[in-house]
Amino acid sequence: MRKTITVIAVLIVLALIGVGIVQYVNTSDDSDFIGQPGEPTGTETTEPPVQPDWCPAVEVIAAPGTWESAANDDPINPTANPLSFMLSITQPLQERYSADDVKVWTLPYTAQFRNINSQNEMSYDDSRNEGTAKMNEELINTHNECPATEFIIVGFSQGAVIAGDVAAQIGSEQGVIPADSVRGVALIADGRREPGVGQFPGTFVDGIGAEVTLQPLNLLVQPIVPGATMRGGRAGGFGVLNDRVQDICAPNDAICDAPVNVGNALDRALAMVSANGVHALYATNPDVFPGTTTNAWVVDWATNLIDNG
């Protein structure tokens with residue numbers, strides 16, 4: 001029994017710590033993109049919303065992963081973690097576009113999770129809830145001031161969970177902005193990933209998110225990661241945004257490519273230890289998108305959405 005709990009602990013720490021401390025790699029690729037915005041799904045309007053001239057045409061909202069942000073970080077020029085993976089996406093976009101045309105806003109949130117190795121940190125639930133509230137606040141503020149501005153949302157690891165949750169609310173018409181205001185969403189290493197939900201560019205993986213795999217063990221894992229609720233998948237998926245959500249996962253990433261059932265999870269927990277480094281290598285891993293890297297692909301995908309809407 002002690003050995004089993006130890007293995008579970010290894011899996012949980014693996015599946016939740018996921019620190020994206022990666023080296024910036026600035027590459028590009030002419031890959032085709034799937035799930036671009038198509039015909040409007042709702043009632044068409046005859047006149048576009050009127051907004052001030054200073055409003056950007058597009059706002060990119062980026063949600064960093066665990067330990068890659070801070071609650072008091074600067075959302076326009078974040079410095080909380082200079083090695084944050086999201087910087088390898090946001091900085092090229094800021095260099096490519098004028099801030100008058102494209103606003104790039106990085107989510108400032110605590111980005112922690114309490115576990116057996118860091119009892120003094122904010123719990124995963126509290127960190128995630130804080131990030132979700134701040135992202136929704138930014139969406140509301142921009143949409144109220146600039147109703148014609150459209151959004152591209154990108155998240156990594158814990159940030160992907162936040163971005164995915166917000167996208168699911170918007171897609172089910174329960175969000176803070178209308179779905180027609182969202183051009184696209186990219187989730188990198190989403191802990192709530194499920195097959196058939198969203199689009200899956202790049203290399204196919206048949207695993208699921210760690211929160212989905214570990215949902216049956218939620219009560220058992222609380223002593224190991226107190227305040228980290230394993231919520232499973234997102235009921236209803238991404239709704240009308242399904243074709244606009246890119247769910248990106250590296251093979252053998254324990255966060256998003258976990259075993260489908262708990263029994264296999266226990267058997268494979270030790271094997272996942274050696275694969276844990278995969279989660280920190282999206283900026284250099286050639287196995288996610290052949291011929292390019294994840295950050296370069298996302299930059300090109302976002303550029304295509306900005307230029308071609």
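From the backbone N, Cα and C atoms, a Cβ is placed for every residue, glycine too.
Which of C55, C249 pairs with C146 is settled by Swiss-Prot: its disulfide partner is C55. Ranking the active-site residues S157, D253, H279 by the distance of their Cα atoms from the Cα of C146 (disulfide bond) places S157 first. Within 10 Å of the C-beta atom of C55 (disulfide bond) sit 17 other C-beta atoms, taking all shown protein chains into account.
D253 (active site) and H279 (active site) are 5 Å apart (CA-CA, integer value). Neighbour counts of Cβ atoms within 10 Å were compared for the disulfide-bonded residues C146, C249, C256, and the top value is held by C256. Closest to C55 (disulfide bond) by Cα-Cα distance, out of the recorded positions S157, C249, D253, C256, is S157.
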